[in-house]
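As structure tokens, the structure follows; a few thoughts come after it.
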Amino acid sequence: MAAAPPLSKAEYLKRYLSGTDAGLEGGPESGRKRRKKRPKPGGAGGKGMRIVDDDVGWAAISTDKLEKEEEEDGDLPVVAEFVDERPEEVKQMEAFRSSTKWKLLGGYSEDGHFHNDDQDPSPPRKARHDTPDASPPRRVRHGTPEPSPPRRVRHDTPDPSPPRRVRHDSPDPSPTRRGHDSPDPSPTRRVHHDSPDPSPPRRVRHDTPDPSPPRRVRHDTPDPSPPRRVRHDSDASPPRRSHRNSSAVSPKRGHHGSSGTSSPRQAHNHSPAAAQHRRTLDSSGAQHHRRARHDSPDLELPKAKSSKAAERPSSKTVSQSGLGPPHPSLSMNSKYEHDSDLSPPRKRQAKAHFGAKKQLDSKGVCQKASDSDLSPPRKNSKSGHQDSDSDLSPPRNRPRRQSSDSDLSPPRRRQRTKSSDSDLSPSRRSPRSGKKTPHMYSGAKTGLVADVQREHQELKKQDQDATDLGAQFEFTETVFRDKSGRKRNLKLERLEQRRKAEKDSERDELYAQWGKGLAQSRQQQQNVEDAMKEMQKPLARYIDDEDLDRMLREQEREGDPMANFIKKNKAKENKNKKVRPRYNGPAPPPNRFNIWPGYRWDGVDRSNGFEQKRFARLASKKAVEELAYKWSVEDM
């Protein structure tokens, strides 16, 4: 089949634009029939059902809306509008007051006026759990403006911003305590409902101005009011957790003396320390220094304190000292009113001291102001304040503690009341009077010349005694003692050892003779004697040799007619001698050990023939060896 001719671009474009009619009119494809496409099942034909599971997240919706709004705003014409140049706080307050989303308890009176008893410049805290607010806390950044509607707010503060849960580890230059008369630029936290409230009585905080009697105040604020109970150290740390209701661990504290974003922190519920940590220095600025707690922002250690056990001495101190009127809610909140910190001491900020080293309180007790003490205040019943710059208030009934600069040690026992500026050394024992006299660096005593001479004489005498003692025992003989402690005589021991060795050698020789055999030893000795005797004779033996003739005569020969005569003569000779009887019968068969039979043997062999077989085997073996030797040497 021939290939179709190629089409030009113009022709192809013409057919494409004209649709199917152009294809039918001309070209080789015009005669072909096109197949109808079948509609796919489940398509747009209306048959079946399609389920689309597409969950759109809130983040995507919010971003899409923002983008669309921006695009629409770009298309709209530019129109002059009213610009509200008021501060952000005022705008938020207006929006908060005009909003109906929030129901305030005790914040507004019936006439609609907002009771702002406490302008709080402090950063937000977490609300106590005894407040009737069930809204959840939000975790936000304190540096970004919050456009969301206000959340849980203090009932006595004009801040409509939402509460935040704050972090414990970012340094914060903003004030962290509640000021009494400075506007609040920082976002609010969950707060205590301690403003005038028609609701039932609650545990109130001691840092809000209320009609109760005055409490301790800060020692560096020119405050003519009666004393209030405050912390005497600029606390840069978040409130600690008590065993009961607060267990917040704050690894870092921010410095809260400069304006800026508020310090992130998470104040725990019912924290008694939060009530006393949040007080400002003066009443004019929005951000002022707090008096530092005896801890630095970075060296804070985790601590857990028992509010119940730690606050009872505080209430006792207030009632006994009588320097300030008692708080009406003292009986109810005595366990929350004072921060008796049992945590390890920390460095104190030198923020609120302003160079004051020593100051006298109303009773004239002088106490050193420790500029960089890191330890928390200890309970002390003595009056005396460490750091009061311009304190015009009456004397406070505040526990005095022993301040120690750069003190990182664990809390001391409360019996110690003396303050030491920078004494980190262990306690010294005072020299006992009358026991030791002072000495100079050379070691000599101080005093009269006669005493010095007497000392020299004593030293010389001691040296002489030591020399004499050394000379006395220089050439002495060493004394050896046994285990019982008695002296040992080495010479006598050597003699005893020698005698014992000789006796042992004799016994060994006797056992050696017995082991070799006495008969063999006697026979060997006899052979030696005979050999010596023969050596003394001439070289050749003759017939006239008496010894040779006797030996030949005593021999017994088989078949000798004179054998019986010889035996009888020997028997007669040996009759008078006491000799054991011996077998004298015919020659017995040989055995392995050459044992002679007893004198009563009758000559009958009653053995099993083992001895005879043994000797026959030995004889045959020897014969074979001789035959082999002869065969090996026969051709030589």
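Backbone N, Cα and C atoms are what each Cβ position is placed from, and that goes for glycine too.
Screening Thr221, Thr437 against Swiss-Prot annotations picks out Thr221 (annotated as phosphothreonine). Annotated by Swiss-Prot as region 'Disordered', the relevant range among 64-83, 604-623 is 64-83. Within the set Ser122, Ser148, Ser195, Swiss-Prot records phosphoserine at Ser148. When Ser199, Ser212, Ser393 are looked up in Swiss-Prot, the one carrying the note phosphoserine is Ser212; the rest have no such note there, which does not rule it out for them.
Averaged over the coiled coil (448-537), the predicted model reaches a pLDDT of 90.
Using a Cβ-Cβ cut-off under 8 Å and counting only residues 6 or more beyond its ends in the same chain, the region 'Disordered' (554-597) has close neighbours at 603, 605, 611-612, 614-615.
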